[in-house]
Structures are given as C-alpha cells and as structure tokens.
Amino acid sequence: LARRLAEVGAREVFTVPGDFNLTLLDELEAEQPSGGGVRLVGCCNELNAAYAADGYARARDGGVGACAVTFTVGGLSAINAVAGAFSENLPVICIVGGPNSNDYGSNRILHHTIGIPDFTQELRCFQNVTCYQAVVNNLEDAHEQIDTAISTALKESKPVYISISCNLPSIPHPTFSRHPVPFFLSPRLSNQMNLEAAVETAAAFLNKSVKPVLVGGPKMRVAKACEAFVELADACGYPVAVMPSAKGLVPEHHSRFIGTYWGAVSTPFCAEIVESADAYLFAGPIFNDYSSVGYSLLLKKEKAIIVQPDRVVIGNGPAFGCVLMKDFLHALATRLKKNTAAYDNYSRIFVPQGEPLSSEPGEPLRVNILFKHIQKMLSGSSAVIAETGDSWFNCQKLKLPEGCGYEFQMQYGSIGWSVGATLGYAQAAKDKRVISFIGDGSFQVTAQEVSTMLRWEQNNIIFLINNGGYTIEVEIHDGPYNIIKNWNYTGVVEAFHNGEGKCYTAKVRTEEELKKAIEASLGPNKDSLCFIEVLTSSTIALMAPMHARTPMAENKTATAQQRALTVRRSPRFLGSFPAFRNANAGSTKSSGVNPTAPQTDTKSP
C-alpha cells in the first residue's frame, strides 16, 4: 500500500491514530519516502486529514491524496471531506483500519461501532461517496484489492475506500516479499469515427457563426484538457472566459481572456459578450444552482456545444459518445477559421477598472482596499485558496499572474474546507507560497489544523476575514443563528505556536496596518507562517453588540449607524437562489435556461 501510494504521487499520508489503525500506521511509517514509501503527516482530526488529502490532490496535475484513519469513529468523521472530493472529481484514497479479520462473522459487538454486530455500516456509508470500496480481511487477495482500488481512483478521478483489518499489516506474506510490479493503466482512447464526426460537425457549427466564444469549465481538470483548451483558443481567435469553478484552469494572462462568466455577477463586460454570442463552446461545464446563478444564465441550448470529458453534444443534437475532451479540442483547433469578431466587440466596450482611492489616515479598512493590496502580492510562485462564502466573490476578482494557482470548493461548498486544504496543498506544492482567505465562521470549524502547519514549518499566509459571523448566510437570510462568538484569533494562533517554529501574527484595521503586515509577511517573515486578522469597516461597527445574539437590524442596543450598516444590499444574484427565494416567498420561476437539461421553452427572457 505504501509503495503503491508513493508510485502514484501520494508521498504523504494525512493521518489520525486510533486503535484499529495503529499497526497499519507502524508499517506505513516504516516505508519511508527515501525507500519508495510515504511520510505520515499527523492531523488534529479526521475531517481535517481528509480535507488535507483533498488539497494535496489539487496541488499536482493528476495528483492523488490519501488519508488514514480508524474504524467508524474516524471514517464517519472523514466522510464529509471525502464527499467533497467526490463532488470535485479528486482521486482521494481514504484508508481505514478495520476490525480484526477473525471478528468477521463472529456476531461480536465491537467498540467504535453503533453497538450492533454488523461491521458494514461504515462501508455502506462510503459506497455513496466513493467509486470503489475494498475491504481487505484476507492476505491472499489483498494486493489485488489494493491495486484495483488505487487504479480505479486514478481512472475515475474519484475517491476510493480501503479498509484493512487491524491484525493483517504486520503479518509477513509471500505476496509482499518484493516491490510491486509497476502500475500499467490502459489508456482511455477516443472512438476515432465518433471523434472525426464530432469535430466535423462542431467545426461546421462554429465556422458559420458570426461571433463565437469559448468558456472553460471545471471538468477540464478531470479530462486533463487545459492545454488543449488553450491550444484551441490560440488557433481560433475567440474570446476566452471561464466558469467561476474553473478559475485557475485557464491562464488569465492569455491575450483574449475576458474574465469569469457567472451570469449577473460576471467580470464586467464578460456576460455581455458570452450571452450575445451566436455560438458558444463550453468545455467541461457544471451547471448547478451556484454556477448558473440560480439557473438564470441567459443561454440557449441550440447555440451551445457542450464538451464533457468523454462526450460532445452540439446544439439540440447530435451527441457523440466515446470522444475524449482533449482529443476533441486538439483536433478542432486545426479545423476552425480564425474569427476575432466577438473579441473585437469586447475590446470596443471594455473600460478598465480604476483602483479604489487610498484610505484616509486612520480610516477603517474597506474590502476593496484589502484586495487591491492582495492583488499586488500575487506572483507565479503563489497559490490562492478561497474559503466558501464571502471569499468566493472577492477572490474571483483577482487577476492571476502566470503560474499562480487557485483553488476553491464550489460544488460542495463545505465551510472549513480551506484550512485542511491549505495544509495539504502546501505539503504537495513546496514551490508555492499558499495565500488563503478564510472567514471567521469557517475558521472556527477547522482552526486546529493551523497547528499542523506550524509543526511542518509551512510558510502559508492566512488572511482571516473577521466578519462577525456567517456573512454569506446573512445575505441570504438573516437571523440570530448567523452571529458567532468572537475569538481573539491572533491569540488562538499564538497559542498553537507555543514558541515552537516560526510564526507571525497581526491584527489590521486600517490600510496603513495592512501594508505593514503584508510587508512583514513578504519580507522578514517570508519563511514563517503568517496569520493576518482583518477587521473591515463594517466588521468594526458590528463588534460591539455581537454578544446580544440578535440580528443587528433588530438590536435595540446598537446605534443607528450600526443598524444601518446591516441593511445590506443583497448581491444581485441572491434572488435567483432557491434558499433565498424560499425564505423570502419570491418567485421560483427561473429566468434562464440550463443548456444541459431538456428544455420545453428556450426563448430568452
């Protein structure tokens, strides 16, 4: 197992010990990386260990992440993160120390279970969030089960579950007397006749259009088609946009990159170009309620070419199966006529955004000022990780320099994901400095893993955006449950540090303080873990009455100015979201179409 993990790139395994996996951890620890094995990275809890495996898998092209936990109490703690990896198409290998092989079929009740003599509860739970499950309770076929599980994770780009009976790891067996034979995974191939037909039909469709555009989606990662997409963009001259969950997969320094297509909250001028096009090619899209802004995108199915990892659909039909995305995009690049009409239109309407005015001395920090300085920090040796919530929208506005990584979990949207993911990403990408943006509500879910970052001497920069609660939920539907206990966040991190390792903390309230903190993190503390708590102008106003546990607009002890600050203008997209519509008894009728679903009426509103 250790050698197979190392072979596929999971050279570090994120672990939490428990009595069912202790011997397994001994054996994994014995197989050091220098000998073709792995290194164990101990985490504070199983949820964070699996989040770290998620981040580790993201940091490498085609990468694999792995975590090792104990039976049921560990596995069911990790399962939320494994479900997130499943939704994001990441090959995470979740290894569980299972019951003694002699206990199977014995009708015994074991600890760490729910008190019934059935050991399949954990397995049945994982069947819903993994693409393969292996229960190893026999050495004779252990190697086959392990190989099948890992190879399936690679082929499907999804998590797998491997349970290993706790008494087996230390038992010698002839099967494991030598290094395993190197993996040979049969490559997936396109059906050549279907590929040629798909390319011919798509080329005819696009070449007759007047102003076509390209839009990249998140499944380009799974299809390993990012380079082929750029090759197509170079060849055809179309403007290039990305869906929000694909940010970072397309180089933003490309000469015809026009930004993020996200309906009403798109990059300025991007939605106008995409939605006015007479043809658009979407490569690897996911049209969920988040990415489609509550299914309100103004797209028509008959204008769309939808390219999935192994399938192409052109307009309302035809559809071509067994066609790999990278093969299709590569071949299509040779068949398209150069057409810059849509990009010429973009150039005519585009107006560069100005920078926000600098703050007055002592003026409370504004969010736009914060991200103006963040933008200047980014380089090709950076990687940005954005937590679910407010950070999604602010980080989408960042312009990524060439080589700068970018990750967030849009499909699953689990708050707290980014802390563990930062740990895992930084362990895998030693050449990058990870810059994470985390809200205070999310941080309180998984804060402990900052101690593991310190233990492993990571030099991440964490911006803790202290919003005084769950701001994104307030925007959807306000209530006392969105207010949380304020922490001394820099004090928490200093307690984790406890004098061991390198750590820098700062609490900033003004632009001047922010500049000093950034200079310190990039200069004398460039080798330290840097934790910068940011209190913006709206946060400072909210701080005083937070203990009241009452929505600010109704808080009788708050000043009029403080209450006014909470009468927030809801972002334009929120009225389209199901949760917001239901909470406010609004219309449930979508204002647009989903180009991936059967349509009964495809007229634009």
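Just so it is clear, glycine is given a Cβ too, placed from its N, Cα and C backbone atoms.
TrEMBL labels come from automatic prediction, so no person has curated them.
Note that the structure is a prediction, hence the values are computed from the model and not measured.
Quick look at what TrEMBL annotates:
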BINDING   D440, N467, G469  Mg(2+) binding site
COMPBIAS  584-605  compositional bias 'Polar residues'
DOMAIN    1-111  domain 'Thiamine pyrophosphate enzyme N-terminal TPP-binding'
DOMAIN    199-317  domain 'Thiamine pyrophosphate enzyme central'
DOMAIN    409-534  domain 'Thiamine pyrophosphate enzyme TPP-binding'
REGION    576-605  region 'Disordered'
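Across the domain 'Thiamine pyrophosphate enzyme N-terminal TPP-binding' (1-111), DSSP classifies residues as 47 helix, 21 strand, 43 coil. Under DSSP, the residues of the domain 'Thiamine pyrophosphate enzyme TPP-binding' (409-534) split into helix, strand and coil as follows: 56 helix, 25 strand, 45 coil. For the domain 'Thiamine pyrophosphate enzyme N-terminal TPP-binding' (1-111), the mean pLDDT of the prediction comes to 93.
The number of other CB atoms found within 10 A of the CB of D440 (Mg(2+) binding site), across every protein chain shown, is 24.
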